[in-house]
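Listed features, source Swiss-Prot:
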- 79: N-linked glycosylation site (CARBOHYD)
- 102: N-linked glycosylation site (CARBOHYD)
- 111: N-linked glycosylation site (CARBOHYD)
- 147: N-linked glycosylation site (CARBOHYD)
- 162: N-linked glycosylation site (CARBOHYD)
- 174: N-linked glycosylation site (CARBOHYD)
- 196: N-linked glycosylation site (CARBOHYD)
- 211: N-linked glycosylation site (CARBOHYD)
- 228: N-linked glycosylation site (CARBOHYD)
- 234: N-linked glycosylation site (CARBOHYD)
- 239-259: transmembrane segment (TRANSMEM)
């Protein structure tokens, strides 16, 4: 009875201390309200409580790793710098580096005040959010937007993590996209003398234009491949991490079930009795 009260008080204390984390709070309450079946010996009861405390620690680690890593809070915007670019060009948004931790987030405010996360850098990892229909890239201090259009305009932000559960807005940018000017041409009928030099210059100019377009296309494709490779690498890392946690929890549960059923103890007793029988046979 004393052990039961101590275990109950311990789980309730941990539940009270961690009541700010919803998933962990629900899991801890499920473990706390679980009752030991009648007729179970005290040694098994202690093992059950040991397993419960171990599961509590695992849930605490999982909750701390995944619950607040990607939270984006909406706060008051600082004074945003205005950046103007022409449609079809590339835009670069330059911001400061994070002061205390090596985590940086880039995103855009939708509907005026709702932050939507586009890119996150932490340590040597990068997480990119897809579905924006915009070719972009990010680094610690710069956010790149390639071949901007009028729909690319808006308010973009940079946030730095300050080693706690709060995100600090480092800078924001009001990106204005100006339509490309339409060149007016006047047709003047003048006699033209076609020579070999004129034909050669026209041919060289067309080749340069073609090569420039091909280079920009190849550069964009290369950037797309790099982004897709980074994203697939991040997905693989996340799958490996959470898969490892799942395998570890399953193995731990299997070991605790075997211990509760008494299979290791019975196997040890049988082996000891077999050894004792052999020793008695040798003595006789």
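Quick reminder: no glycine exception, Cβ is built from N, Cα and C everywhere.
In the three-state DSSP reading, residue 174 (N-linked glycosylation site) counts as strand.
Within 10 Å of the Cβ of residue 174 (N-linked glycosylation site) there are 15 other Cβ atoms, across all protein chains. Within 10 Å of the C-beta of residue 79 (N-linked glycosylation site) there are 6 other C-beta atoms, taking all protein chains into account. Listed in sequence order, 121, 122, 123, 140 are the same-chain residues at least 6 apart in sequence whose CB falls under 8 Å from the CB of residue 102 (N-linked glycosylation site). Cα spacing between residue 111 (N-linked glycosylation site) and residue 174 (N-linked glycosylation site): 14 Å, rounded to the nearest whole number. Considering only the glycosylation sites 111, 147, the Cβ with the fewest other Cβ atoms within 10 Å is that of 111. Rounded to a whole number, the distance between the Cα atoms of residue 147 (N-linked glycosylation site) and residue 79 (N-linked glycosylation site) is 26 Å. Cα spacing between residue 147 (N-linked glycosylation site) and residue 174 (N-linked glycosylation site): 17 Å, rounded to the nearest whole number.
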